[in-house]
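Written out below as structure tokens is the structure these notes cover.
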């Protein structure tokens with residue numbers, strides 16, 4: 001597994017996932033910054049750092065993180081198709097399942113990097129606005145919560161990423177679903193269903209302040225259920241790799 005992880009890290013040089021991570025992390029923080037600048041110009045209310053990073057977390061779960069993590073994971077999985085390496089993998093003693101687990105771990109690491117980068121942008125945005133209460137306590141708390149929601153969203157979108165690997169460029173429709181994934185969560189929170197919905201269950205786990213009363217145990221069970229589903233998908237769902245390779249070969253023959 002260690003060699004597979006190193007191999008997957010080397011493959012990252014072939015795609016632009018780091019630019020996607022940077023853009024996703026910046027977009028959320030910039031959107032929060034603009035929101036606070038506009039609200040300050042309208043009502044001139046004095047905000048603090050806690051309100052700023054809470055708004056950033058909301059923007060993360062709402063749009064930025066589900067979309068960014070899904071497109072990053074989709075590109076990493078789809079490399080096996082675009083670079084035509086599946087045929088080579090089938091000739092060596094490496095199972096597709098082990099390869100999938102290695103990719104899932106790498107995507108998790110990238111999701112953490114996305115969260116960490118977003119935290120840095122959030123702190124920079126708060127500093128530019130000269131917000132009060134940027135204390136050591138609030139910095140540590142915000143770091144844990146931003147990274148926490150990032151990892152929860154990573155778990156939430158894993159089934160989409162894994163399912164998209166079944167076909168060439170299968171992550172394209174998954175990106176659209178991921179966008180709606182966070183968007184729909186916005187309507188479930190007021191109805192008390194946030195603990196049963198994977199993306200919003202992450203808000204409960206990180207102890208997000210602006211949430212109606214709920215059940216922490218249900219939120220953890222929801223996350224564990226999604227994680228278990230992801231593992232079962234890798235282990236049991238058949239993949240049509242050979243079919244994809246044969247289709248590619250037929251297309252080349254037709255062109256000739």
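The count begins at 1 with the first shown residue.
Every residue gets a Cβ built from N, Cα and C, even glycine.
Just so you know, TrEMBL annotations never went through curation; they're auto-generated.
Because the structure is a prediction, the values reported are computed rather than measured.
As recorded in TrEMBL:
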TRANSMEM  17-36  transmembrane segment
TRANSMEM  56-77  transmembrane segment
TRANSMEM  104-131  transmembrane segment
TRANSMEM  143-163  transmembrane segment
TRANSMEM  170-189  transmembrane segment
TRANSMEM  217-241  transmembrane segment
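Within the same chain, residues 86, 90, 96-97, 100-101, 104, 152, 155-156, 158-159, 162-163, 165-167, 194-198, 201-202, 204-205 sit at least 6 positions outside the transmembrane segment (217-241) and bring their C-beta atoms closer than 8 Å to a C-beta of that stretch. Counting Cβ pairs closer than 8 Å and at least 6 residues apart in sequence, the transmembrane segment (104-131) and the transmembrane segment (170-189) reach fewer than three and form no contact. Taking every recorded stretch in 17-36, 56-77, 143-163 and counting its Cβ pairs under 8 Å to the transmembrane segment (170-189), the highest total belongs to 56-77.
Long-range contacts of the transmembrane segment (56-77) within its own chain (CB-CB distance under 8 A, at least 6 residues past either end) are made by residues 8, 11-12, 15-17, 20-21, 23-25, 27-29, 31-32, 100, 103, 106-107, 110-111, 114-115, 118, 122, 125, 145-146, 149-150, 153-154, 156-158, 160-162, 164-165, 170-172, 174-175, 178-179, 181-183, 185-186, 199-200, 202-203, 206, 208, 210.
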